[in-house]
Amino acid sequence: MNNFMKNIGFYLVLIALSILVAQFFVDTDVNTIVDTDVNTIKDFTYSDLINYVEQGKINEVTIIGNEAVKGTYNHREFNVPIPPEAVPDLMAELREADVEIKTEPEPTAPWWTGMLAYILPIILLIGAWFFIMQRMQGGGSQMMSFGKSRARLSENGKKVTFEDVANYEEVKEELQEVVEFLKNPDKFTRMGAKVPKGVLLVGPPGTGKTLLARAVAGEAGVPFFIISGSDFVEMFVGVGASRVRDLFEQGKKNAPCIIFIDELDAVGRQRGAGLGGGHDEREQTLNQLLVEMDGFEPNEGIIVMAATNRPDVLDPALLRPGRFDRQVVVDKPDVKGRMGILKIHLRNKPVADDVDVEVLAKRTPGFTGADMENLANEAAILAVRRRKNKITMEDFDDAIDKVIAGPAKKSKVMSERERKLVAYHETGHALVGDLLEHADRTHKISIVPRGRAGGMRWALPKEDKNFMSKQELLDQITVLLGGRASESIFLEDISTGAQNDLERATKLARAMVTEYGMSEKLGPLTLGHKHDEQIFLGRDISRQRNYSEEIAAEIDKEVSSIIEYCYQRAEKILQENTAKVERIVRELLDRETLDAEQLQKLIKGEPLDDDSIDNSTDENENREHENNDK
């Protein structure tokens, strides 16, 4: 029926347009009366007609209605439009000149065009009515079904279980209770226990929060409703609250089930915004969600799961016991977790024997589950591009570089001066990093441009770090300043290439003083506080000054002192190892990329493969040291 109505409306509109086009072509305008044949005199005017009639040069004319006169002059036809009020005078002139007068009726349009002005609006209105009725009915409705929930029921297709989720053993243990409740609720009710009504998954983007929710539904074997927080709010008032009610009505019909709300912060931000009042529609939606989760109406058998990476902006009423009373932190995986995740993503991929998953996991600190999936996919794409049958370790190495720093711009032309500048800059980073005790060791350095950088240094930490000591922070700042120091010492000039290094070093130094309490002069203080004043759509967390101008000046002095101290350390290391710098730069300009093994050989003065290396040492170079000075 819907298709029939849709087709009827379409054909009615098509017929109306056809009539409109036809009327355009049969228009009875004066211009269609005037002949445009090649034998017709083009610039024949009404005045010419009168003059030639008076001179007796025209013997016969034909008057077409009261709008035009045609005839023959000098063996050529003319066709002249005339104003209706001039017809009587023209007739008198023609009779006086004894011109033979003929008449023809004015051409008229077909009979049906006269009715067009009445029929066309009616046809268009009927077509519009059919179109609106079709849009109001069925699954494609957007008029009368605004209040319907947009949640998608995911109960068919590939089943996801906890076996598909690597790492997160503690998280899966927490969620296993939810699975047990959905499978066997009587076991809990006999003990008087209540399973949490809501489970909030908190963690950075890409850590697998949605995958965990799907795994819970897959393990329990229950319907799984998924909806985004932004799907609740529309431009019409009351739509969001109506959709929340409809969502829970669907859940009750399919209980036991799981309702998963992704990006909860889109609808669950704290109420009572600042300037101009709150977002009324979003707050009504949130209020309805609070009522449905723990109100007068029981929702037995429905477990609400949600995911967010901004738990700090959520309304406290959402997080209280009885609603989202259990928060499960889904953090970035460690080395073991990255190994497990990568193995899962390599299940259906042909992998060469030289691929070491443990090495890849160690080389990717800070990568999330989504990052590891992207890494495996990029490696597979590179293998296909290189026409290989299996994915090799080389493909993974290049994929890691591409994911971290972007694709190499091998076609970009750099002058010899720029290549030399980048080589000294990256060598400064690498050598300082390898000679400091608490700095991360260099995995690779390159002068091939990537992204917006002219060169790169890849550092490989020995292990995942949850905390950093003061000495580790100082060494990290020293490594960041090593590039600028190398430019200054060996090129006797500095460039804009160190801009990002200086920005990161300054940020770290200021954090040491204002956040970590590592300033000797100011002591163990946190300077600046986070306040919870609300702005539109939630809370804005910003750092406010809670100290005097004198303390602010001391902070600037302390930050400057840390930067100066670390810069002097970097200069000292490079000045004591000038020959090593020159060897590394020479090989870097030749090879463009050096790995950790090659770099260590150059630092020790050993040749690379069969290449001979000038092992001469600068007279000012001291023996290699570990630079443990504080």
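Every residue gets a Cβ built from N, Cα and C, even glycine.
Record check, Swiss-Prot: Zn(2+) site residues include His425, His429, and the candidate from Asp354, Asp356, Asp501 also listed there is Asp501.
Here the C-alpha separation of Pro205 (ATP binding site) and Glu426 (active site) works out to 31 Å. With all protein chains in the displayed structure included, the most crowded Cβ environment within 10 Å among the recorded positions Glu426, Asp501 is that of Glu426. The CA atom of Glu426 (active site) is located 11 Å away from the CA atom of Asp501 (Zn(2+) binding site).
The separation of His429 (Zn(2+) binding site) from Thr207 (ATP binding site), Cα to Cα, is 31 Å.
Between the CA atoms of Gly203 (ATP binding site) and His425 (Zn(2+) binding site) there is a gap of 37 Å, rounded to the nearest whole number. Between the listed binding-site residues, namely Thr207, Thr210, the fewest other CB atoms within 10 angstroms of a CB are found at Thr210.
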